[in-house]
Structure formats: C-alpha cells, structure tokens
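Undergrad: Sharing a structure with you now.
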Amino acid sequence: MRFSKSLILITLSALVISFAEANDPSPLQDFCVAIGDLKNGVFVNGKFCKDPKQAKAEDFFYSGLNQAGTTNNKVKSNVTTVNVDQIPGLNTLGISLVRIDYAPYGQNPPHTHPRATEILVLVEGTLYVGFVSSNQDNNRLFAKVLNPGDVFVFPIGMIHFQVNIGKTPAVAFAGLSSQNAGVITIADTVFGSTPPINPDILAQAFQLDVNVVKDLEAKFKN
C-alpha cells in the first residue's frame, strides 16, 4: 500500500511538472538568435543559436506588415505570420505576431493554436469573432462584434474564428504567446488529412451521410 501511494504521488508530481512546462521555456540568456548553421551553434527551443557576439539588429527586425495580404482565395482572408522563422531573434522569447486581412465577408475559419494564447486588435472594418470552450465547459460560444480599436482574447488551445461582417475590407493584428504558435485549421485537418480519415468514422462522428463526407474530403484533399 505504501508503494502504491508513493507511485501515485510520483505520477501526480510528474503530471503537474509537465503541465507547468507546457509553454515556451524561459530563456536563460539575453537572447538566442536562431541560426541554420550547426557550426558553433547551441540547440535551444528547436533552433540552433547564433554566437551572441555575432548577433545584429537585423536578427530582431522585420519589414512588411504595412502591406495587405492577398485575399483572393476560398476563405477570402490572408494571415501574414511574423514568428521565429521571420525574426530569428524571437527564439526563446515566447512571442510572435500576425497580420490578418479579410475581404468583405471573408473569414479566418475555425482553427486552434496548440501552443499559444492569442490577443487580437481590430484596426479596420467590422469583425464577428469568437471561441468555443472545452467539453467540460459544455462547449460554450464566447463571441463579440468588434469595431476598430476593440480587442479580443482567444485562450490557448480553444477553437476560434473571425468573420468580416462588413462590406469593406478589414485588418487586424494579433499577438501570440509563443515564438511559433502552430495552427490547426479544423476543416482542413479533419477532411483534408493525409492519408484521409475513413469516411465511415467521420460520418458517424459528424452524423452525416457517408457520401457527404466523401464529397468534403474531395474538396479539402491536399
């Protein structure tokens, strides 16, 4: 019995530690500029670090967020990402940025960021935004209509979306609490996986006719 209790305590402690570490680790140096060259590099947060003495201002700089992204696509939106791949100096700093452009009635379809909370500010247009809470919270929808200057937060891991409900283009900027937040677009992931998920599984899960699922998989096929 004593061994059993000890095992339970060890297991619980391991779980607590794992959850506590489930974010970008804090840096143990002033900065760690990501570099592709393995020579004299130190591997941190999935990137090799440049020798700090060789770091320069360009490692912490990006230009171009003043330019609108192309929204000529099926969802009528475009996300311009500025993360560690664009700014190597973001490595280990736990933050990134995106610009989102929406054509009239365009949307950033339901998706989730597995590694980051997102805070979005609308600078132009009118958006309807929201996120859905987890199963244990009965999948509640939290949604608002945003006007320029309004801010909305999407908690880490929650499925969320933005829709331009105006007749003019909309522009938003968002900060994310990870150097590389990751993105999982729900429709693309479920109906466009490689290889595809068995249509019978999705038909039962979504309570759809299997032929409807097959049609959706054909539309989202990579």
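The backbone N, Cα and C atoms fix where each Cβ goes, and this holds for glycine too.
Reproduced below are the annotations present in Swiss-Prot:
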- 1-22: signal peptide (SIGNAL)
- Cys32-Cys49: disulfide bond (DISULFID)
- 63-214: domain 'Cupin type-1' (DOMAIN)
- Asn78: N-linked glycosylation site (CARBOHYD)
- His111, His113, Glu118, His160: Mn(2+) binding site (BINDING)
Undergrad: If you run the three-state DSSP split on Glu118 (Mn(2+) binding site), which class comes out?
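TA: The three-state answer is strand.
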Undergrad: Using a 10 Å cut-off on CB atoms, tell me which of the disulfide-bonded residues Cys32, Cys49 is the least crowded.
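TA: With the disulfide-bonded residues Cys32, Cys49, fewest surrounding Cβ atoms within 10 Å: Cys49.
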Undergrad: Quick check: which same-chain residues outside His111, His113, Glu118, His160 lie with their CB within 8 A of the centre of the Mn(2+) site CB atoms?
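TA: Here the nearby residues are Thr112, Ala116, Phe131, Phe154, Met158, Ile159, Ala181, Val183.
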Undergrad: Report, as a single number, how many Cβ atoms besides its own are within 10 Å of the Cβ of Glu118 (Mn(2+) binding site).
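TA: Glu118 (Mn(2+) binding site) is surrounded by 22 other Cβ atoms within 10 Å.
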Undergrad: For the binding-site residues His111, His113, which one has its C-beta crowded by the most other C-beta atoms within 10 angstroms?
TA: His113
Undergrad: Let me check the 10 A CB neighbour count of His160 (Mn(2+) binding site). How many other CB atoms are there?
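TA: Result for His160 (Mn(2+) binding site): 22 neighbouring Cβ atoms inside 10 Å.
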Undergrad: Would you mind reading off the Cα separation of Glu118 (Mn(2+) binding site) from the residue listed as 'N-linked glycosylation site', to the nearest angstrom?
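TA: So the Cα of the residue listed as 'N-linked glycosylation site' lies 17 Å away from that of Glu118 (Mn(2+) binding site).
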